[in-house]
């Protein structure tokens, strides 16, 4: 428990926020209802969350309740920056950051506190690594990458070894933290191109997780061993090797698992993959005694088959051949079958045991390990004793045989684990050079206490005692160094040193010494050891106690808690004995790996480098002393080696905390959190810091914050003198503060006193200003009332006069209205009578007209009928006459036809006449048939066209809509395919660098053709002096001249050699913008020349055109890479940290930055004088000049600057999302100003149309977000609509990081953040928080037909020596 802060009584006043104990929430917030006066025994407060009054006793040793911190410090990313340092403030701050801000990392001085969210978070991608790389730890949001970056940069800068100590309970996330730390080192300190050490380092994780991790009730992937990985770095900061040391493997898990727990993962991976052809010989199944005791063999979300494949791939990466992998799997399968061997009791009272010769599991076990099954069965049930110089074989009971079998299984697994670690170390060992320095990652078990604690918990807690002592002394040393650096008078700060507890365990006649002594006794027992402990330490050591109700247990008062250990099993676990006879059988195994495992341990009990062999081999004869190393002795030695290593390095601490025991995402259990905070030393860090001067302000910060309290002449140039002269008047007690060289230090709670004084001063000033303003307002109000009275009187008098005038006007108007009304009434009566008369006349006249009309209709119908009848009679008479005439005509014509028929018959008898007629008829028939067919076709076509025009038009319109819809997706797929191709091309270029020695080969033997390659070998100065595209024209003339000779082989060879020569030149000038732009232009122009002339003259050049296209992409990417490498170091300093906006109020406006993280030393950074927007614009102008000088197309330039603008926006936005001190209104103004400079630069060069301005839109919206109002729901809706280019996660992150820089601003409330989060939620948005700074937009080269090239038109320098060219 941290001691309460001693604060001024004036701070404990009515309305102050305090913390009171609570049985469920540990601490709850309350508000005082009265001022505290010395002598009061009670304080009355109201619980905020229950709205209930309570009475708090003010009695020693509790005293006053812990005070709450100001709201502005809520969610602070460093616990030591809080005004009041105590347990409730720490717990509340962690809860707010975890639940409200979804931030799992928090600094506590030099310690990073990591809460396990039990959920996959998108904060570990490569874009996050890029954002933290090269950044100061004090500037960035807390993250495991920040600690890794601090260790890496400190190692490079100071050339001193580093250590990252990761500890915590099982299930708190230690393994994941260590994995991400190693991944960060692998990415930032990537090895050189000739090796892949970083890949091997990462590949060791799946292997160690498979053979060393298991499911427990607290964690699905719990590490059951401790490990310390030393990652070696070379002179250039790249990984060149690694080494791993392991500690205290939990061997008992191999043979026993508690309920709801599993054995090591590798066993279940093998059983799940038993159907693989190569694993069928292992005879695996589901019914193994060593894997089914926990009765919960499945882990949700984990596929053991896939995990085994990952493990095998990792073995392959580390150089373990497939046959050796199978040897490992055979040994693991043999352990499972060993557990299924059925040992049966026999004899009287079961004093004997035996194994059936036909036991299937025994046969499989013997076959897998290559041993004799009968011999193993014999020595599992018997033991050899030396009696009087003779060797006797004694049978053992069934229980003893089962114990011997389990001991053998544990020993085999331990030896395999040790061999695997040694094999990994040999693969990770540095090959090229010795590491210059290393960074160690310690993943070790945290403090453990269970209902029943045994030897394993004793060793774990002993290790944590040693680590806690090292941690306390390191924190104390840092405090001392801070004081000495500031030249403060040093007074020793007392801290709880746990050395007495460590002496109790490892000192002379301590617990371990007495345990080893009892293990050496022939008839030693746990009970005897317990009695020795009581006799030696009870009532002699304050850290040793005896339970009241037990004589076989003891209690140790550790730094974290009291733990009761049961003595039962301590001796057996410390001895860890396995008989020699089964070991001898394994040494004679036909398997090389099995024999190798047990041949190594015959050399003695020396401590290996990679891990500690915890077992000893016991034979019938008295074993040598080197075989009698106990587990406790070896663990103590390995722990001492670890402490020596840690003490020789600069440590960095990560404390992992379980948020809850239910493994539910983002559920915070305060009881469990407080228990772990006390156990891991976080509260001890705060207590040490609070014992001295926890609050530290630079003079500039103090002057800026409290200048309203400073009296007299205030000089900003000499802020230190101003502070020193004014502070004694504010805090009379000189013991409560101290002046350093660059900072002023305050005791705990004194900043709260200053804040209260500052608030009172501002309140008094506000009251005075309000009084003057209110007086001025009242006087102004009186003047307004006086003038208003005059105006009202004037208006009233005018109103009365107007009212009289209106009355006279109304009287005259009434007379006129009466006269007019009477006239209108008489006129209305007249008009009514007149209208009625006219209507009557109209009706009568209409009736008469209709009668006449009907009579006329009747007469007309009669006449029409008469005409029709007369016409019909006339037509009947005409038809009769016409029929008679036709009959007569027919008779006459029939007679004439008969005569003509007789004449034609006579003529038809002539053959020639017949043929002539026949031939004429055939021609006519063919003409008639052709004409008929054409008419039919024309009629059918017109009919079909008429019937199908409308459906065809409809189909065309539908098809056009479908094409328009698919066009967008096709374009997207095309862009993605182009991007993927160019990415593969970039990877190919990187791999191609490994084979530079193969690029000098030439495909020509003729000297005259090799002379043309001098174009690519000209010096950079000469190339830059040539006209743009001259080299491409010359090379094209060479190709065309070769084509005229008809030698296609030479044409292809010339093109290939040209590509190779240009690639060589690009690599030679890999950092020169101008030279790269020259050869980009030449490759681009040469490609267009070949593309233009290949269809007509030059054939079979598709491969050459494709190679030149790839070369253009390579040159373009190299050009961007050069610019990006120059821009990357200055992007964040220029875009974010640039602090001057010229032209405002006649002078520059200085933007204030947030306070740095307390407890960390400032990193000596390089000079950033050139890191301004001018430097950024200068680099962009250099690229634009290089591209413009070569007359490259504007479309290509727009694509290049689109890529660079995206890099600028992504890098700046990523840094903004991870830096709390940059999320303020002033910084938003600065960012918007900097972006406007970029936009103006783009417009001045006509580059704003290629997507470059669009790429800056996320950064523009982020700057607007910092400047928008953040209070009402309408503000949230407007914010969501305005920030459409930002994801919901990014908006919420910026709002949660928003920090007011003045009293005029307010923090963003959690309710407003929730409103924005709900309104901005979209299912289509990816969960990624940061932008991918490595994203590469695919480039397209527009085809521009080049002009015709000829040697006569070119001015070719004599230095090129290509006079052999002739006109083609």
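Residue positions begin at 1 at the first shown residue.
Even glycines carry a Cβ here, placed using N, Cα and C.
Database features (TrEMBL):
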DOMAIN    74-759  domain 'Myosin motor'
BINDING   168, 169, 170, 171, 172, 173, 174, 175  ATP binding site
COILED    967-1001  coiled coil
DOMAIN    1056-1322  domain 'Dilute'
REGION    1147-1171  region 'Disordered'
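The sparsest Cβ neighbourhood within 10 Å, among the listed binding-site residues (168, 171, 173), is found at 171. Taking a C-beta cut-off of under 8 Å and a sequence gap of six or more, residue 175 (ATP binding site) has these contacts in its own chain: 209, 213, 221, 222, 223, 443. The most crowded of the binding-site residues listed here (170, 172) is 172, judged by how many other CB atoms sit within 10 Å of its own CB. Looking at the domain 'Myosin motor' (74-759) alone, the prediction's average pLDDT is 84. Shown in sequence order, 218, 446, 447, 448, 656, 658, 676, 679 are the residues of the chain, 6+ apart in sequence, with a C-beta less than 8 angstroms from the C-beta of residue 169 (ATP binding site). Neighbour list (residue 174 (ATP binding site), Cβ cut-off 8 Å, at least 6 residues apart, same chain): 166, 167, 168, 223, 443, 444, 445, 446, 656.
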